[in-house]
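Colleague: Quick paste from TrEMBL:
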REGION    1-43  region 'Disordered'
COMPBIAS  1-12  compositional bias 'Low complexity'
TRANSMEM  154-173  transmembrane segment
TRANSMEM  185-207  transmembrane segment
TRANSMEM  219-239  transmembrane segment
TRANSMEM  245-265  transmembrane segment
TRANSMEM  286-305  transmembrane segment
Amino acid sequence: MHPAGLAAAAAGTPRLPSKRRIPVSQPGMADPHQLFDDTSSAQSRGYRAQQAASGLGYPATSTLPQAAFLADPVSNMAMAYGSSLAAQGKELVDKNIDRFIPVTKLKYYFAVDTVYVGKKLGLLVFPYLHQDWEVQYQQDTPVAPRFDVNAPDLYIPAMAFITYILVAGLALGTQDRFSPDLLGLQASSALAWLALEVVAILLSLYLVTVNTDLTTIDLVAFLGYKYVGMIGGVLMGLLFGKMGYYLVLGWCCVSIFVFMIRTLRLKILAQAAAEGVPVRGARNQLRMYLTMAVAAAQPLLMYWLTFHLVR
């Protein structure tokens, strides 16, 4: 075809619309033709943050139920009621303990220090040079043992009893006679004799009608001092044989006898003098005999509880 005809044909043919290039949106940029914001990416980012926070791949658990429970008036009332019950139970237990076990009184007998323990042990071994045996009082109340060497305490008797059991076990072990049953029998025998002593003295004081401030705890303290001499006798027996045992135990027996006489006479005989009982009266003589009997029983028990431990 002639070029002129081609041009005429082209001029008479309608032109097709050309395609328009839409620019590709960059990441993070919104599409200009988008009517609504796409929040799917934000939701996915929040979900991934929850996964990282939980650490297990699950969304973190909300604490709103616990907060709602604590804010519930019923739960608060239950908690307050439980606290009041606990306080009442504690108060009831404290009252019952004080009724059967005088905790406040026991604190007095353990109010000691190192200086008191040293002086008391010296007094138990060498009571011959001690002059003032009166117990000091402050407003009708005896002062604590750490301020008065004449005051009875339970620290030395308790520690001496435990040490005596340990020394007895050592003595039995050196003789190839140790056994838990035998050591338990030794401890139970010492406790049984102590309880028998206390009951016998209380019964004797009741029969003789002695009005004294000597309490049961005082008796346990005074009767428990004999374990100090028993420990010394057994230890000397282990080191020097029977000769050392008899020498040390004999000295300690005489010392505890003197100690008990000078201590108990102030508790028993001084009260009789305050009541106006004649010194040569029959009742006063019975009180003197009772004091002598208690003091004389200590050396006998010291020997009875230790002689089989030394061979």
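Heads up, the Cβ atoms here are built off N, Cα and C, so glycines get one too.
Not measured: the values here are computed from a predicted model.
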Colleague: Is the transmembrane segment (154-173) packed against any residues at least 6 beyond its ends, judged by a Cβ distance under 8 Å, and which are they?
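Modeller: Cβ under 8 Å, 6 or more out: 106, 109-110, 112, 117, 120-121, 145, 179, 182-183, 186-187, 190, 217, 220-221, 223-225, 227-228, 230-231, 234-235, 237-238, 309-310.
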Colleague: Would you kindly list the residues that approach the transmembrane segment (245-265) from elsewhere in its chain, counting only those six or more residues past its ends and only Cβ-Cβ distances under 8 Å?
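Modeller: Long-range Cβ neighbours of the transmembrane segment (245-265): 123-128, 130, 133, 150, 214, 222, 225-226, 228-230, 232-237, 288, 291-292, 294-296, 298-299, 302-303, 306, 310.
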